[in-house]
Amino acid sequence: MSFLVEYTEPHWRDLDMRALRVDQAYMYLHSEYAEDSYLYTLSDECYTCPFAKVKALPSAESVEPLKLSTAYPLSFKIYAHDQGHYAYENASALCALRRSDLQEFGVYNLTLLANGSCSFSVDKPGVPINYAFLSVFVLVASLLILLKLVSCAWKRYRYDEAAAVADSIGDAAAKATQRQRMRSLDTFRGLSIVLMIFVNSGGGGYSWIEHAAWNGLHLADIVFPTFLWIMGVCIPLSIKAQLGRGISKPRICLRIVWRACKLFAIGLCLNSTNGPQLEQLRLMGVLQRFGIAYLVAGVLHTICSRRDYLSPQRAWQRAIYDICLFSGELAVLLALIAAYLGLTFGLRVPGCPRGYLGPGGKHNNAADPNCIGGAAGYVDRLILGNAHIYQHPTAKFVYDASAFDPEGVFGCLLSIVQAMLGCFAGVTLLVHVTWQARLRRWLLGATLLGVLGGALCGFSKEHGIIPVNKNLWSLSFVFVTVALALVLLSVLYYVVDVRQLWSGSPFTECGMNAIIMYVGHTVMHKMLPWHWRIGAMNTHFLLLLEAVWNTLIWMGIALYLDARQFYYSL
């Protein structure tokens, strides 16, 4: 069972296997070639990049190990002459090969033979990394079962039968009260914040969990947009309730402005956790984008909303009634999309091709090294200044790109669209009273947006007119993530609210204190007991265990706050 925790021998021949990190392996380089030669590599993660120089191959008398990343397939080329930092396609190589079977903690041999061809062999097989999920699941499930048994035993010891009956009556009354509230919305929000904490804790170091380097959609890329979307869903419900209590629209707008300002201010403070150096303080961030999107979507919906939603008598009118009510906001939504597309593909960016959507750096064979994000990056640098944007984007480590803010000002245009699409789903809730009608509308919307998003990106990662890209918050990204959110909400609504097969716990309790969980996990990111380190922390098992541990603690805090009936919202 040692493979379940990625165990490997501490030493293999003269190699220290504990010196490797997650997704790393050793490779011996050998050369039988009579002249000097140079190794270049390229990861599949780096799209249309040139090969990057690693080192000169050692002579036949020496053997020297090299550390390799195994997260993505690697291609190797060996050149007879030094090509500089990068090697392009126009240079001919002695030999080339691609390996998609490299494993963590493996040891491999790459030999340049005397005739100029390559030979690759496995010296020590690596270890599988996905079994760590099974190990952590068994550990966590065992812990939760043990806690449940202890809790039941304690309750049986502590309370007599009369108290237990009273408790059960109270629980039944509480559940009856809770059914008046759509628990699936809180469950959705809670699931989003739990996943956000998990991925912000590292997600076990798995590449498919972490943010995509540029184009593509990983698990971490889905969390933020779905959370933003569910915020939009709740806006019509909140505004209708306030109008029903007789609160005027100007007062509601003032509340929205005040809440948006608090979100922005908290996000700005969180950006200073490593030191409030004002000359280099990042101005934008997750909560800042929440605040801007909430401000625009909330005020706009308040202006356009009605106090009562009287459904028409005719069936065809009822079918489009939510669209009619949303027509004013729909016009603004389309205007925002038009503005985004016009600037993205029409704005002249100095030194960059018009409509460029790449990460710059060595993308496209380093043809546009200073053009990261195209118009989006250019506008953010003009408005915020290079010192006040995010300095370590994912593209920097893969494409050697410059600074870029994935939560910058330009991307707020489509983030507002994301929230407004959530508002439309909320209007559907208010207009359509039967669960069948709601699900039909949501699933139809998911299908349409999914097809539109797929068509824009060519149903591929790197091709199409507009690839799916979280960094740019591209239009295809908005459509695809909203489609996923609509499907998820439909499932949760049916299971939690319609059939009541699941109460939504513990995610419901997390969703009712989402702001506490987000701010808390950000502030206490490096503190015990939320985070810990044991040794080198160089296995997915340990990293996954730590991430799950941190997430479970915050879920426990949410359950405790719910038990004390303490809820906080801005």
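Cβ atoms here come from the backbone N, Cα and C positions, even for glycine.
Feature annotation from TrEMBL assigns domain 'Heparan-alpha-glucosaminide N-acetyltransferase catalytic' to 181-301. Mean pLDDT of the predicted structure over the domain 'Heparan-alpha-glucosaminide N-acetyltransferase catalytic' (181-301): 94.
The list of residues near the transmembrane segment (129-150) in space but at least 6 beyond its ends in sequence, with Cβ under 8 angstroms from a Cβ of it, reads 3-6, 22-23, 103-104, 204, 206, 539-541, 544-545, 548, 552. Annotated transmembrane segment per TrEMBL: 129-150 (among others), in sequence order.
According to TrEMBL, the transmembrane segment annotation covers 188-209 (among others).
For 215-235 (among others), the entry in TrEMBL reads transmembrane segment. The list of residues near the transmembrane segment (215-235) in space but at least 6 beyond its ends in sequence, with Cβ under 8 angstroms from a Cβ of it, reads 47, 185, 188-189, 192-193, 195-196, 199, 203, 207-209, 286, 289-290, 293-294, 297-298, 301, 415, 418-423, 425-426, 429, 461-462, 467-470, 473, 477-478, 480-482, 484-485, 488-489, 514.
Residues or ranges marked as transmembrane segment in TrEMBL: 256-274 (among others).
Look at TrEMBL and you will find 286-303 (among others) tagged as transmembrane segment.
Feature annotation from TrEMBL assigns transmembrane segment to 323-343 (among others). Under 8 Å from some Cβ of the transmembrane segment (323-343) lie the Cβ atoms of residues 300-301, 303-304, 306, 309, 375, 379, 410, 413-414, 416-417, 420-421, 423-424, 427, 431, 475, all in the same chain and six or more residues away from its ends.
The transmembrane segment annotation in TrEMBL covers 408-430 (among others). The list of residues near the transmembrane segment (408-430) in space but at least 6 beyond its ends in sequence, with Cβ under 8 angstroms from a Cβ of it, reads 182, 225, 228-237, 240, 284, 289, 292-294, 296-297, 300-301, 309, 322, 325-326, 329-330, 332-333, 336-337, 339-340, 343, 375-377, 379-380, 383-384, 389-390, 438, 441-442, 445, 449, 472-475, 477-478, 481-482, 485-486, 489.
Taken from TrEMBL, the feature transmembrane segment applies to 442-461 (among others).
As annotated by TrEMBL, transmembrane segment applies to 473-496 (among others). Sequence-distant contacts of the transmembrane segment (473-496) (same chain, at least 6 residues past either end, Cβ-Cβ under 8 Å): 182-185, 187-188, 191, 217, 221-222, 225-226, 229-230, 233, 337, 340-341, 357, 406, 411, 414-415, 417-418, 421-422, 425, 435, 438-439, 442-443, 445-447, 449-450, 452-454, 456-457, 464, 466-467, 502-504.
Positions annotated as transmembrane segment by TrEMBL: 541-561 (among others). Residues 4-6, 22, 132-133, 135-136, 139-140, 190, 194, 197-198, 201-206, 505-506, 509-510, 512-513, 516-517, 520-521, 529-532, 534-535, 567 of the same chain lie 6+ residues outside the transmembrane segment (541-561) yet bring a C-beta within less than 8 angstroms of a C-beta in it.
Sequence-distant contacts of the transmembrane segment (442-461) (same chain, at least 6 residues past either end, Cβ-Cβ under 8 Å): 215-216, 421, 424-425, 428, 467-468, 474-480, 482-484, 486-487, 489-490, 493. Taken through DSSP, the domain 'Heparan-alpha-glucosaminide N-acetyltransferase catalytic' (181-301) splits into 88 helix, 0 strand, 33 coil.
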